[in-house]
Amino acid sequence: PVWRGHSDSEVLVAAIAAWGVDATLRRATGMFAFALWNRASRVLTLARDRIGEKPLYYGRIGDALVFASELKALRGYPGFDGTIDRDALCLYLRQSSVPAPHTIYRGISKLPPGSFIQFEHARDTPRVRAYWTLEQAIEAGRERPFEGSTDDAVGQLDAVLRQAVARQMEADVPLGAFLSGGIDSSAIVALMQAQSANPVDTFTIGFHEAGYDEAGYAKAVARHLGTRHTELYVTADHALGVVPKLPAIYDEPFADASQIPTFLVSELTRRHVKVSLSGDGGDELFGGYTRYFLTPRLWRKLHRVPAAVRARIAAALHALRPDHADQLAAVAQGAWSGVEARDSATRIGDRLHKLGHVMTAESRIGLYRLLMSSVHHPERIALAGQEPPTPLDTVSAWPAHLSFAEQAMAIDTLTYLPTDILAKVDRAAMAVSLETRMPFLDHHVVEFAWRLPASVRLPEGQSKALLRRLLDRYVPSALIDRPKQGFCAPVDHWLRGALRDWADALLQPSRLRDEGFFDAQAVERLWRQHLTGRMNWQHQLWTVLMFQAWLEHQRAT
């Protein structure tokens, strides 16, 4: 090829000219979303990376075919009517985000990860074609499984992940990494520092609220590895100042409350570097969520109880006031404190109410779906919508011949990872012009992980056993061994305190009735129960609030 510039995009164009679209996509590594116009054949190609790190939207407005990496670009196109897809709204209520191929707008689609679509005419309705699927990667792993010992697997994972980190450290601008002090981010930073002559720049934020802060763990890991570490403790006012920005940042309704600390750490990081590596994807590849192991154990117990009996128990649990259950439990323990029970996000009454939902599960997959749901019955809150099927509730989408933990990891990689985790990080980082890269999602790492037998990757149901063994090579286990905490924000408390007036305005029954998207009475009931401390409805309320704030922003702009 004849090079006319210095952009890596030019390499992509040359590769497609030489090999064609399909072959080029199969050879490509990393994150991307692109549109290619072939002037000779007059064909438009839209393509997206394998796991879904980057978004790509398309649809029709009048006679025009439109596409963009942001929905706000499509909203600016003449004739865009912005009709809300009420079925997608139901999906959003369940998942806290809108999964591909849906968007919040009727007539606009998200291109699914690992796929491309080609248009020869603006009025074409071509089929989305996959150039890579997780199902194929899983099947290839079954046909050519890793046959070495656990020590061999640790060594091979070290080599594969080290190569992915090295590839993603290539940059002509300042580069660093997010560091929470957990297993995933610590492994990425350890491999970065092992391949860097200078201290790696690492970044974390901390909260002053007990139970939400991991900054001390991150500092200890950074000190051991010798990184140049920057931390910022944010006040509630600082964090709450992000809330009004969220509708513009996320472009369509998005309600994972860890979006707030994600934006704050991105903002902090961008003050020092332009590219940041992240440990996202480690949970889904190496069994980092307790639900992978909890679900089958819980289902075995539930399944022994006849369905009719479970239904009666569920009804009784739903009828029990959670605050009364808290008092009974505390009296039984001889340590009643009304303030502690009211402020605890894991109080016994709240757990019993959630158990009531769990008791209604009709299958192991149904139980997992309930555990993954922000709103268990979206149709009871959303008006005039019907929830479309997704891989989460489609039995045929769950890979056969795998343990349940492996099946759930695969389903999360298809759903929760791109729809929630990757969308959260990408939008927050892009809002401050920070590029994020995720070595765990290099397809060489993904495909290696699915070659590993469950006995090696998840021995005896141990969470992230292989990653822990890898990290032991670089960081003492004493700095890492602790329960998984996650990147959270104390929304429960904020909704009863600093965010109460903001939420109250968005949830006014008259407003909800006028807008016509939610059952005003149902939402008001959730809000009042939360304010009185009877229930912790933070997830359900945050989901409704983020839609309301987004809708308000759309109308203002």
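Every residue gets a Cβ built from N, Cα and C, even glycine.
Lifted from TrEMBL, the feature list:
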type: DOMAIN; residues: 1-122; note: domain 'Glutamine amidotransferase type-2'
type: BINDING; residues: D8; note: L-glutamine binding site
type: BINDING; residues: I205, S278, G279; note: ATP binding site
type: SITE; residues: D280; note: site 'Important for beta-aspartyl-AMP intermediate formation'
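Where TrEMBL records a feature, it is marked here on the structure.
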residue	record	Cβ contacts under 8 Å, 6 or more apart
D8	L-glutamine binding site	none
I205	ATP binding site	A215, E231, L232, Y233, V234, P261, L264, V265, L268
S278	ATP binding site	A177, F178, S185, I188, V425, T436, R437, M438
G279	ATP binding site	F178, S180, G182, I183, D184, S185, S186, A187, I188, M438, F440
D280	site 'Important for beta-aspartyl-AMP intermediate formation'	D184, L417, I421, L422, V425, M438, F440, L441
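Following the DSSP three-state reduction, the secondary structure of I205 (ATP binding site) is strand. The average pLDDT for the domain 'Glutamine amidotransferase type-2' (1-122) in the predicted structure is 94. Residue counts for the domain 'Glutamine amidotransferase type-2' (1-122) by DSSP state, with H, G and I taken as helix and E and B as strand, are 34 helix, 32 strand, 56 coil.
Among the residues I205, S278, G279 said to bind ATP, no two Cα atoms are farther apart than 15 Å.
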